[in-house]
Structures are given as C-alpha cells and as structure tokens.
Amino acid sequence: MKSLQIICLLFIFVARGSCRSCEICHNVGNDCGYDYVEECHSPEDQCGKVLLEISSAPLSIRSSHRNCFSSSLCKLEHFDVNTGQETYLRGRIHCCDEKKCEGRPFPGLPLSHPNGYVCPGVLGLFSEDSSESEAACKGDETKCINIVGYRKERFPGDIAYNIKGCVSSCPELRLSNRTHEERRNDLIKVECRDAVKITPSE
C-alpha cells in the first residue's frame, strides 16, 4: 500500500510556467486542498492539474497534484499504461488559464480482452533495472512504452523508477519534457515501439 502511494507521487510530469501564478498542492486522493500560490517560470505558461491512479486489483490508489505546466506537456492530456498482472498506471492532465484548474474524472477501466500482443511489463520503484514480467496487451493496446527516471529527495536520496507496459498509442513525451523540478526529477529514457504479436501454437 505504501509503495503504491510513493509511486503515485513520483510520476508527476509537470512544469513551472512564465508570467503566471498557479495554485500548488499535492495529495493522495481525488483532490487536494489549497496550499499556496506560486509564480511560474519560463518556458511554461499554464496552470494545470494532474490526476494519477495506480490500480492493482483489488487495490487502487489515486493522487491529485496542481502546479504550473508547459504547453507541450498539456498536449499529453492523458496516459494509460498496462504494466501486466492486472496493474494499470493512469494519468489525466488538464490545463487552464486560471490559478485553480479542475481535473477531469477518471473513466472506468474498459472491460477489454487480451488482443494477442505482448510487451515487457514493469512498475518499478528504487531501481531502473526492475524485474520484468510479460504484459498481455488488451483492447487497442498495440504499443510498448518504456520510461526510466530518477526522483531526487533529501531523504532517502535518489529514487529510481521504471515503467514498462502496453499503451494504445505513443505519447508525445521526450527527454526535453522534464519536470518542473529539474534538480529533483530527471527523465532519462522514453522509448515507444510496436508490441509483439504472439502467434498461437498449433
């Protein structure tokens, strides 16, 4: 339970903005209360809200984050990663021109079936070389995503994370889209490729 909460707080791809002030808050749950307003810095220019969810049946953890965003990150809008073993990492990003943005609610997980494609599956914390399992892609998931990065904290220090799994399309996420805390969050690998089609044995 605690590990899922930590992972939720790690995967926040947000950025500060220019000539704008936005509400800043972070909380486990569907929403976060008002914490403080912070002036954003170049090159980002919009306020935004990120909703994150990690669901590993039967457990589900959600977190909410308001911060300053870059327009390039706002275009990402959402992501859904099937990391295998009935585990999903999902995010919804909503940007606006106001200090306080209201995020869009999560839709329910689709009742989809395996489609014959597979990807390496990892939802790893504290290591960029976490053990892989096979993620059986479902529905329209035909791409494999691989994201590796580091979260730098005073304690316990650098925290590595590694996400691999099935996605329906490759997100417009590049190494240049680093988080607002460049000294604290380092996105070092983003790869996306076609999933492997498994041929049924005769």
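All positions are counted from 1 along the displayed chain.
Here the Cβ of each residue, glycine as well, is placed from N, Cα and C on the backbone.
Within the set Cys95, Cys96, the cysteine that Swiss-Prot bonds to Cys74 via a disulfide is Cys95. According to Swiss-Prot, the cysteine that forms a disulfide bond with Cys40, out of Cys8, Cys19, Cys68, Cys96, is Cys68. Ranking the disulfide-bonded residues Cys32, Cys192 by the number of CB atoms within 10 A of their own CB puts Cys32 at the top. Between the C-alpha atoms of Cys119 (disulfide bond) and Cys68 (disulfide bond), the distance comes to 33 Å.
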